[in-house]
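**Student:** Submitted below is the structure of interest, expressed as structure tokens.
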Amino acid sequence: MMWWFLLIGLASAAATASSASSASFESRCQHFHKEIHLQNVHVLSTTYVPIGSNIPMVYNPPICGGTASSSISTIQFCQVALNVTTSDKSQFFMEAWLPSNYTGRFLSTGNGGLNGCVSYADMVYATQYGFATIGTNNGHFGDTGQYFLNNPEVIEDFAYRALHTGTVVGKALTKLFYPQGYKNSYYLGCSTGGRQGWKSIQRFPDDFDGVVAGAPAINFVNLCSWGSRFLKITGPPGSETFVTSAQWSAVHNEILRQCDALDGAVDGIIEDTDLCQPVFETLLCNSTAVDKTSCLTGVQANTVNEVFSAMYGLDGKWLYPRMQPGSELAASFIYYSGNGFKYSDDWYKYVVYNDSNWDHSTWTLADAAAAAAQDPFQISSFDGNISGFQKAGGKVLHYHGLEDAIITSDSSKAYYKHVADTMGLSPSELDHFYRLFPISGMGHCSPGTGAASIGQGSSTYAGDDPQDNVLMAIVQWVEKGIAPEYVRGSKMSRDGTIDYRRKHCKYPKRNRYVGPGKYTDENAWKCV
């Protein structure tokens, strides 16, 4: 089968590990701290975690979920907790999990939002595959920007330094713990984690051989401004510009009415949002309408049109793409609720203006210009020249959900075009090292209405076959040279079984229903 190389790697690792008993592995772990003498690294603990035990998360603070995020270990591993000093005003916390079923592969996980919290779920997922796995708190604990206030060192950790330094430390620990060192290094992250992956590609092209970057928060500063812009468009609840959640439901139904069948199948899922250019004047209330919850006033129709339009600066230059249609049910509670967006608010309060009293209702495009002019430590992570990564032989699998209600998938398509234009490469030339997969029916880093479980984490596991598992797909691409032509997603039922599967096309191709089977038949679709 296609994933034979993974199983061989696991079997080989198991054979190596079995030469030493669990007792010797436990002893090795408990004494490992004596071998760690790395600059600016303070070892907090080394803990042996046996199979079937609760994974200790004693350093995970309540603001990050505390011990509530604990899970049962399916393997035995050595858990190393450390603090790493990055300046006289900053440090980050990290953990390295070193499994007994080690496959010779190193992996770093990313973060989300403005956190601040180790991605323990991703660490569990990767470690069970035999990766020596690390995760950091990205320079501060908690999903908040308050630690950025008047502290550029903490911002630098968040922008790139915690991940890069953690990777350097993690690789050193891996070499210390395993005599054979590591063969290949990988990265797995989504959202902020996706941005971190791209920042590593752009600034540290030798850090990873393979990167899985999902729904990346690239063009980060303008993304923050885009999040602030929605309040300006919608106004507060009760204003004539405000659209209620019930009306957004009507908007969603109208979008599906106009766009669902464009891919050839009426299944409640939009396969290519680029083709979806809805007209909302069809929802205008007539003079006799009694129920105004399912129609729009002219002012409200203008609000909806603005929501689905790109953001341009005071000078008329493009800043950020439109929100893709199809995400409005979730986005109505995130961006269109008539309140500020937390991450955008925090960025302006604690970074742009260093003023915790800044009022999000005052935001204008002048603020967007001020924020963009700063772009501290190039956190926007939108550099189109990734030739260093290309020359290093790196591979990146980039995915983005087409129902993402937090970061529009149009941003990923814009970055793909930016890379192509900057490097002067065609899609077939980019294919050698960079492939983008828009995933229909996927929300923000997680399943939505469609076949969107693609193995990016434990909660979206649908098998070990590389076509069903993006982590295994990047391993196969790096180690066997077999690049993914598609990513097959699974629609999971509540009991954990698979309802149906669908192959998601490599951009810029799009999925088209051609029959003759039902839309749930993966072979009834074709990439065109």
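Cβ atoms here come from the backbone N, Cα and C positions, even for glycine.
Note that the structure is predicted; figures quoted are calculated from it, not measured.
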**Student:** Return the single candidate from Cys29, Cys117, Cys190 listed in Swiss-Prot as disulfide-linked to Cys64.
**Tutor:** Cys117
**Student:** Where Swiss-Prot annotates a disulfide for Cys78, which of Cys29, Cys190 is the other cysteine?
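**Tutor:** It is Cys29, per the disulfide annotation in Swiss-Prot.
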**Student:** Looking at Swiss-Prot, which of Cys190, Cys224 bridges to Cys445 via a disulfide?
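**Tutor:** Among Cys190, Cys224, the cysteine that Swiss-Prot links to Cys445 by a disulfide bond is Cys190.
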**Student:** Consult Swiss-Prot and report which candidate among Cys276, Cys285 shares a disulfide bond with Cys259.
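**Tutor:** Of the candidates Cys276, Cys285, the one Swiss-Prot pairs with Cys259 is Cys276.
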**Student:** Disulfide-wise, see what Swiss-Prot says Cys285 is paired with, picking from Cys224, Cys295.
**Tutor:** Cys295
**Student:** Are there any residues at least 6 positions away along the chain from Ser191 (active site, acyl-ester intermediate) with a Cβ closer than 8 Å to its Cβ? List them or say none.
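**Tutor:** Within the chain, Ser191 (active site, acyl-ester intermediate) has Cβ neighbours under 8 Å at Gly112, Gly113, Gly214, Ala215, Pro216, Ala217, Ile406, Ile407, His444, Cys445.
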**Student:** Quick one: pull the CA-CA distance for Cys505 (disulfide bond) versus Asn385 (N-linked glycosylation site), whole Å only.
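**Tutor:** Checking the Cα atoms of Cys505 (disulfide bond) and Asn385 (N-linked glycosylation site) gives a distance of 24 Å.
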**Student:** State the count of C-beta atoms found within 10 angstroms of the C-beta of Cys64 (disulfide bond), not counting that atom itself.
**Tutor:** 19
**Student:** Within 8 Å of the centroid of the Cβ atoms of Asp260, Asp263, Ala265, Asp267, Ile269, which other residues of that chain place their own Cβ, given that this set defines the recorded Ca(2+) site?
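**Tutor:** Sorted by sequence, the hits are Ala261, Gly264, Val266, Gly268, Ile270, Glu271, Tyr513, Tyr519.
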**Student:** Expressed to the nearest Å, what is the distance separating Cys285 (disulfide bond) and Asp260 (Ca(2+) binding site) at their Cα atoms?
**Tutor:** 23
**Student:** In sequence order, what residues of the same chain, 6+ apart, have a Cβ less than 8 Å from the Cβ of Cys527 (disulfide bond)?
**Tutor:** Tyr486, Lys503, Cys505, Lys506, Lys509, Arg510, Asn511, Arg512
